[in-house]
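According to TrEMBL, the feature transmembrane segment maps to 25-47, 59-78, 98-120, 140-158, 205-225, 237-259, 271-289. TrEMBL lists 41-287 with the feature domain 'G-protein coupled receptors family 1 profile'.
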């Protein structure tokens, strides 16, 4: 039985990324390799951080949590997408669609909050190095990580409750490869003007505010480096640039998709690939391969 009141729709049909068989096989190969890279890369980061006592600072604790979130985020959408790419009929039950939507926003919002905390951690380490251990202690770090997960849960719960109260009586075709807020609520058999603005103010504003906080923290870092520039700050500048690249890759598509009226501007499923697939692939590469301590620990673990 459907979750929503008066809903007659018991399943949705996902159109996927393409209806051409050759492209579906090509996409399957590409996304299978990408999913494998996400799992192997992030699991390697988690094992490395957890097994090396030298990597016990708050920065590596946050990095370990980011890798875990990336695994969860891509696992919400990728396995289903891979199965559908080889299936003739891409149907998903109403309850499964709502569950996928809930967990996607749960881990997605948690990752936004965590990336913001990681930027604050780098700002504290570079701009206030003498007070870093007092400001970012292990206890404070765990509190911030817990707050990120709690914030993601609250955000996703609000989104899901707004959707399950809507009636769905047809059509049931979703022009996407997973269940997300914009394409799902457009299928509701009622006026969604208020609902879509509530959802846009929820998801869109969270994305925008977190991104602005991130940009502000990196601006403070760049100002500090400019005033007290030393030879070692070249590495900091290069690291900040790479971090901003991967952060932009994650936040800008989310802002573009969620911070606007869903019915007026239909979502682009190809843009969704950026933050559901590409960003989880890039995170372990950017945050670890540019870190000499992590690379040394990985080499020791390998040997």
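Using N, Cα and C of the backbone, Cβ positions are placed for all residues, glycine too.
Within the same chain, the transmembrane segment (98-120) packs against the transmembrane segment (237-259): three or more Cβ pairs sit under 8 Å, each pair at least 6 residues apart. Within the chain, the transmembrane segment (237-259) has long-range Cβ neighbours (under 8 A, six or more residues past its boundaries) at 108, 111-112, 115, 119, 122, 180-182, 199-200, 203-205, 207-208, 210-211, 214-215, 218, 221-222, 225, 267-268, 271-272, 274-275, 278-279, 282-283, 286-287, 290.
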